[in-house]
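Everything below concerns the one structure shown next.
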Amino acid sequence: MVSARALLWAICVLRVALATVYFQEEFLDGERWRNRWVQSTNDSQFGHFRVSSGKFYGHKEKDKGLQTTQNSRFYAISASFKPFSNKGKTLVIQYTVKHEQKMDCGGGYIKVFPSDLDQKKMNGKSQYYIMFGPDICGFDIKKVHVILYFKNQYHENKKPIRCKVDGFTHLYTLILRPDLSYEVKVDGQSIESGSIEYDWNLTSLRKTEKTSLDSRDWDQVEGSKVQDWEKHFLDAGASKPSDWNSELDGDWLQKPPYEDGLKAEGIDKDVWLHQKMRPAGYLTQYDLSEFENIGAIGLELWQVRSGTIFDNFLITDDEEYAEKFGKATWGETKGPEKEMDAIQAKEEVKKAREEDEEDLLMGKFHRHNHFSRFHRQGEL
């Protein structure tokens, strides 16, 4: 008999097996990455990328990724894949980024584009669906961008989400669900979540109902004056007041007393139902969490100091698969990466001390020679 644990494990394996992976990139095949990634030539001054694991790493091959190489440059590179729509599905976007140069000002975010992106001409004005990831500049800007594109406008999450600012590799994950919830994870830990509607101020774009002031198809029957109309409005016993001024008060008319039970005749009494009106910015529920033609992922950013490494790109519809992929990549190398950095730091400290001691000894030697020369000169 199959145990409950074995059955549960089998279900988990099956679920991961059924996950749809739209894009996955680890740069494990040497220079073949150049066949998949397109460097934009829109500007001859765009910075260039190389594939490298950097100055320190957890695994020399597994930690290789796209690295920026030139200071004070804009960068633009992208990779395309088979277009898809995430309608009614979860969308997970994940990647790793390492600012080993200790970023002072520059972007570490990615962009997800529609399939009609002109990769050769990609630039800062190219339309994108999603912008996600860290952005650092000075002391003021240390945030995770989550920008979504709706109705020809870019909307940024109104919550401040802080990014990592050290020089190690970090795993960034964005999850958009069809129930209009979202979640942002850093290093596998949830740091922000909520409603797409409210955290992007999109409630005004949702479907609303307005009562119309008039209805074009309303068939109002025209009434006609009844034969004894005057008797309802003239009072034979009434007389004109003595102080009535026709020039100021107008013509005086006899007014009948109110008759209880007076009913209107010849009037359409059907119930009139208001129409449902759609405002100009009308969006259905799914419009707030779906993108019809996702077909490319890329880096379009500015950096003052280069050296950032981007790796382990993933776009899928399965949160569990993304979690397992993160553990199998970043999770396996994060520890050894820190160990290598610590070893290098100790070696640098040791080298600096040796250089200081050498400088000190050389300084004493020079001072001794100078004194000897001065003493000999005094004897002459």
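Placement of Cβ uses the backbone N, Cα and C atoms for every residue, glycine included.
Note that the structure is predicted; figures quoted are calculated from it, not measured.
Per Swiss-Prot, these features apply:
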- 1-19: signal peptide (SIGNAL)
- 20-197: region 'N-domain' (REGION)
- 191-246: region '4 X approximate repeats' (REGION)
- 191-202: repeat '1-1' (REPEAT)
- 198-291: region 'P-domain' (REGION)
- 235-246: repeat '1-4' (REPEAT)
- 250-280: region '3 X approximate repeats' (REGION)
- 260-268: repeat '2-2' (REPEAT)
- 270-280: repeat '2-3' (REPEAT)
- 292-380: region 'C-domain' (REGION)
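Counting residues 6+ beyond its ends, the repeat '1-1' (191-202) has Cβ neighbours under 8 Å at 144, 148, 150, 155-159, 161-162, 176, 180-185, 283, 288-289 in the same chain. Within the repeat '1-1' (191-202), the DSSP-based counts of helix, strand and coil residues read 4 helix, 5 strand, 3 coil.
The average pLDDT for the region 'P-domain' (198-291) in the predicted structure is 61.
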